[in-house]
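Participant: Here's a structure for you.
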Amino acid sequence: MVVHHILCIVAMTYNVNYRIGLIYNIALLFTEVTTPLYHHRWFFLKLGMGDSLAYKINGLLFWILFFVCRVVWCFIQNVHLYAIRKTYEMIPYSIRGPIIVPSLLFLLNLFWFVQITTLVLKGMSSKKKGDTKTIKKE
């Protein structure tokens, strides 16, 4: 967690110093939309509400927004950064940096999305199997 924040500070300092990519850094904050939902999930589990409807809705929203905000949005940004790469060729390390770093972030988000999707599918299949309850006649 500390390394993540240090890298963010270094990247922002670089971008402010060379006046490059500021709009992309601001737009990248859009990915943080999913963070409150992730934290709510933790609170639901700690409060023993792991089977509640609110927990399930929160999980579904988290999964959908993670895909939109972190997979689709990062991919669009990477494509656009690659398309305008000629505009920042004169800045030190800018040939590789603005292409490699967001691409690594995209791959990390893609990895986590696959992990989350696997958990969602496991949860859905186990709930379907458990839903076939037999009613005992008394």
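Cβ coordinates come from backbone N, Cα and C, glycine included.
Take a look at what TrEMBL says about it:
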- 1-125: domain 'TLC' (DOMAIN)
- 20-39: transmembrane segment (TRANSMEM)
- 60-79: transmembrane segment (TRANSMEM)
- 99-121: transmembrane segment (TRANSMEM)
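Map these features onto the structure and tell me what's around them.
Facilitator: Taken as a whole, the domain 'TLC' (1-125) shows an average pLDDT of 86 in this prediction.
Same-chain residues lying 6+ beyond the ends of the transmembrane segment (60-79) with a Cβ under 8 Å from its Cβ atoms: 24, 27-28, 30-31, 33-34, 37-38, 41, 99, 102-103, 105-106, 109-110, 112-113, 116-117, 120.
Under 8 Å from some Cβ of the transmembrane segment (99-121) lie the Cβ atoms of residues 11, 24, 28, 31, 59, 62-63, 66-67, 70-71, 74-75, 77-78, 81-82, 85, all in the same chain and six or more residues away from its ends.
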Participant: Please list the DSSP helix, strand and coil residue counts for the domain 'TLC' (1-125).
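Facilitator: Computed counts for the domain 'TLC' (1-125) are 106 helix, 0 strand, 19 coil.
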